[in-house]
Amino acid sequence: MVDFNDLSVELKKTELIKEDLRNLSHIINNEFSYFCQNENKNVSFNNNISSYYNDDIFSKSTLNNLYTSWKLEDFSHFDFSSILDILKRNQYVMCSIYFLLIFSCIYFLTLLLYTKCIKTTLKKWFCRYCSENINENNSNHNEQRTVLQNVINKSCYFITYSSIICLLLFLLLSGITYMHYFIKTKKGIHSNICNIYTRLDKFLLNKCLDPKKVDTSCYSAEHILNDLSSILEEYKKVKQQAKDDTLLDENTPFPLLERYITTFNKLNVLKNNINKNNTTLENEYFHTYPALKGISETLTTIISEGNKNFGNARNVIKEVKSTIKYSFHTVDETIRNVFKDSVPKITGLITQAGKSIKGINNKYKIKERIPKYTNIILLTNIILLLPPFLILLGIIIFMIFILMGYIQKNNNFFIKLFGHFSAYFGLLTIIILSFGILFLSTSVIGGTSCILSERILKNELRFDILNNTLIDYCIKNESAPLIDDDITTSFVAKINSFDTGHIDHNINEYEKHFTILKESFFHKSLKFMDYIWIVIMKRENNTFLNRIRTEQVKKSLLITGIINENIKYENMEAIGIRSYLTTLNKIIFPENNGKICFNDIICEKENNTYNITENSKTTDQKYRNIRDGMDEHLRNDLDAIVQLFVYKARILKENIFDINDLDSNEKNKIGWSEYTPRNINGTQKKSIINTFLVNVIESINFSEIINFFDKMRDQFNVLKDLILLKIDTLTENTKCNKLVKELINVRKDYCNNVVLNLSTLSVYLIIFSITSFLLWYLFLFLWFYYNIKPS
């Protein structure tokens, strides 16, 4: 059994590989499970690839106009300059960049206005211009105009500050919105990484909702190893069973054949038991089993005919043993070759996957860097939004004080801060617009990759770089298997070469002998089975029967059973005790001055009656009284009849039959109702004789040997079917459409959850920066107006 032990070693190797998979899954889980917090991932699977685009939000988004600046030549030699070319052709990116450059120059120039020298010069020039206008328009109505001017000033304050408040509110709203989309983008990145991690984990280990059910969406390397293990386990079981059944050693007696010989001895035991108990019934109780005597004769024929087929059985078993040994040799070679060719490839893929994941982990530190940088950016944005919020509160309070008259125009200390506000919003515009351009550029490149990948996956666009690759092959052949057809075809051919047809022919040839034997037995003996419980009077050497002189009484007594009912079987009829006694009472008591009954408690209580039981005697006084009242020539006949009926009652009550030779656990004798139970109202009660006989006959039938080898052949077929099933499962669950669907899912998660949110985020950042620019301009104007004009 060297081959058997070698396969056990291979089985241990598969377990070690599975352990490596679990360790690798643990490493991936430690690194990437962080991104799956609060995620409920249930990856669905659909055979229709087109349905995977139904929920593709990216393809239907109006933001697709942002991603139209690419050309095919950009990807002929894709590098950093290609990215710059795409961005240069994007009008939105370039407009934002130009605006940023121009505004930055203007902003830094306006900072000169806050210097004391420039501020003094501008104020002198403005004051000179104002003085000339004031002298020309000076009049005697200054007092009335002062009231009107105050009203106009307050209205101007209200309108101006209301505009500022609206812009600040819009700024905060756009800021909150872009923070919302920033968080969505962050979650999208987490979700995308989580999806990739989940799919990698499902590729390694069995993560199906029902671990026992193979699902294409979660078919994994562990499934492949489990399939290999199940093939080995099934093969070990078949081979071990063959070893236990001595099928691998032609010199060892075949157990079933030994049982076959033992079975014939059991038939002799049964025959002897029937003869022994029937002899007891005849000699001690003057009754007999007519059906059992027929069965005994049939057993003699069965034993004689069965022995003739023993030689045939020996020859067919020898031939089958030789065939099974050859089949095991073929299976051993096939499985060994499969392990030799396939296991290194699988382990190589697993090892390479582990190295790649560890390399990405060590190089990029994804888990640490992504949360770190996203949190820093988010915190920075929150800090940048705090000053606009405080300015908004300050202006609202300032407006309230102006309306209430607490602050005069010459005492507007808050207005002095407008220069600082302008400087802040200008700087905020530059910072936010820079972020916006960065995110917009990233989203443009990301969106371009989404559009290209969609067209590639739909086989609408091809790149030379993908030629002769697995992805290119699978896109063109969605239903093609990833595994080479030659591997599965050659393997299936080897498995299907296991031809057991010649075994079937030989076994079926010898089966005919035993089929004829079985049919002969059931034809001869089954007709007795329903009536083996019938007991009638013994004809030969029956002392009591011979005493009866009245022929009318004696003849019907011969076929009277031991039960009350009449029984018909075959072409014979057994008279029931009730019928017989009714006729007997009419004969011996024509004047109804007496009555004989049998096991009848009610009758026993009546006058001029005698109830026969197992304890009855012809010397009983009640019987003597009835006997004395009948014709004298019938009295001796009645005595004999009563004594025979006492034996009938004893047969019904006493334990007569010894079955220890049939059942070694049964030491005590049993009664008639147990030895040969009666079938009443269609109820089938199996006697120990019936059960023993049928079981023995079935067991000696060669069909048991046939069934055994059918079972062995079925086990080989189960092994073959299992291997074919696992190959089909592997092929079906590793088709190209699975790879394409996984790529579509990764693309869809990336484009919908990351690129689209990032594009929306960049739009709101630009809106925010434009609003900040307007606030910069407004505060700069107000500062210039209030600080340069004369008091």
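Placement of Cβ uses the backbone N, Cα and C atoms for every residue, glycine included.
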Among Asn137, Asn277, can you tell me which residue Swiss-Prot lists with the annotation N-linked glycosylation site?
Asn137
Number of Cβ atoms other than its own within 10 Å, given for Asn23 (N-linked glycosylation site):
12
State the residues, same chain only, that lie 6 or more residues beyond the ends of the transmembrane segment (425-445) and have a CB under 8 A from a CB inside it; answer 'none' if no residue qualifies.
66-67, 69, 83, 86-87, 90, 92-93, 96-97, 99-100, 103-104, 107, 110, 377, 384, 387-388, 755, 758-759, 761-763, 765-766, 768-769, 772-773, 775-776, 779-780
The coiled coil (225-284): mean pLDDT?
78
CB neighbours of Asn757 (N-linked glycosylation site) within 10 A?
22
For the glycosylation sites Asn477, Asn541, Asn611, which Cβ has the most other Cβ atoms within 10 Å, all shown protein chains included?
Asn611
Consider the glycosylation sites Asn278, Asn477, Asn541, Asn607, Asn611 and say which one has the Cα lying nearest the Cα of Asn757 (N-linked glycosylation site).
Asn477
Of these glycosylation sites, Asn278, Asn607, which scores lowest on Cβ atoms within 10 Å?
Asn607
Asn278 (N-linked glycosylation site) versus Asn541 (N-linked glycosylation site) - Cα distance in angstrom:
14
Which of the glycosylation sites Asn23, Asn278, Asn611 has its Cα nearest to the Cα of Asn477 (N-linked glycosylation site)?
Asn23
State the Cα to Cα distance, in Å, between Asn611 (N-linked glycosylation site) and Asn23 (N-linked glycosylation site), rounded to an integer.
89
